[in-house]
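Engineer: Please find one structure pasted underneath; my questions will follow.
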């Protein structure tokens, strides 16, 4: 969503009498004549990283059994798709528009482009908010999470997320709820004609004039894709699509941090009250939970903090620019827009550096290795092996042996290794099964599963 981009109108051409604001065109041309190369390089880099990174995220989740079995990763796919569409459908045309200084793709696509911009940004924001909520539910009630977050419920949440994003973008823009009328502009700026007023007058004038122009004349006219945002529309959109989700994200992060602190208190309590022989066992479990919870909180902080750093400047400036366009320089406004776009290229990098499962999947995809070769190379004692084993129901089946070769032969009273079957005390829990049960309860605190457990 941009305060300077949605209705298409003519920019003055030296050979024709199509009237439009020369002040805007001169300022626009002057700015980009000195920075076109830099804009092209930086914009192309942001787009490339966003496309490659988000494609890798989607491929990693769809091709890795460790990642594809997680309901949480459905929401990461939603975020990656939103960022990918933003890069392909919005950033690409925004870069061309900013480099040329005028719109090349027609009036109809101007509306589609602006609507896609608002929809993808909104879907990205909502997805990050849902991810933080999903993460909190795992930490709060890990044993009930699988029952709560079913595949149907996860897909329903994603569907609602995208439907809301579509309604908040395409409907208001195509119904022109966002636009200022000439009367509203005159009431705000009184007798001083502004660039927006001239633009709207030019649009009304040129719409009638273009009907009398020849095909060659109309083909030579240059157009600008403007988004003349009503102040009320800007405030409502910013509140619903940014400030409310951000408040929820920060609340979820705070609650997750408090849970991690609670486990730290339990660790100290166990160390002080339990006897030495039990202190190590209980404290070790809580210590792992507390440490992993702190890592998960830090990862969530990085995601949320990066998002705020990228989008907060734009959502502060946008209502101000809608109220009075002269308060915000064009250059400053464009920097905040591209800073928001930059968030779409940062998210895959954060996943790749903070999650070992994503790192392994990215390496496999970049090296074109098969899934079987990666799974076969995982050590039985590695965290990745434990995570992969955790998704297999047989690992928690107490009626079956994990190692068939060690099964007890009831006829001989011996196992396959010659050991005495009687040495296994049925009253004592099996160590491997106990580890799996503990892992099932504590895996949500693992930093590697901060957003993909």
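We count from 1, first residue shown onward.
Using N, Cα and C of the backbone, Cβ positions are placed for all residues, glycine too.
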Engineer: So that I know how the record lays things out, could you check whether residue 36 and residue 359 fall in the same topological domain in Swiss-Prot, i.e. on the same side of the membrane?
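Structural biologist: Topo match: no.
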Engineer: Checking feature assignment: transmembrane segment per Swiss-Prot, candidates 75-94, 195-214. Which range matches?
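Structural biologist: The range carrying the transmembrane segment annotation in Swiss-Prot is 75-94.
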Engineer: What range among 302-322, 365-385, 386-406 does Swiss-Prot describe as transmembrane segment?
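Structural biologist: In Swiss-Prot, the transmembrane segment feature sits at 302-322.
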Engineer: With Swiss-Prot as the source, which of 37-57, 247-267 is set down as transmembrane segment?
Structural biologist: 37-57
Engineer: Does the transmembrane segment (302-322) reach the transmembrane segment (111-133) with at least 3 CB pairs under 8 A, where each pair is 6 or more residues apart?
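Structural biologist: Taking Cβ pairs at least 6 residues apart, the transmembrane segment (111-133) and the transmembrane segment (302-322) are in contact, with 3 or more under 8 Å.
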Engineer: Can you break down the topological domain 'Cytoplasmic' (58-74) into helix, strand and coil residue counts using DSSP?
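Structural biologist: Counts, helix then strand then coil: 13 helix, 0 strand, 4 coil.
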Engineer: Based on Cβ pairs under 8 Å, which of the stretches 111-133, 154-175, 224-244, 332-352 lies most in contact with the transmembrane segment (37-57)?
Structural biologist: 332-352
Engineer: For the transmembrane segment (332-352), name the stretch out of 75-94, 154-175, 224-244 with the most CB-CB pairs under 8 Å.
Structural biologist: 75-94
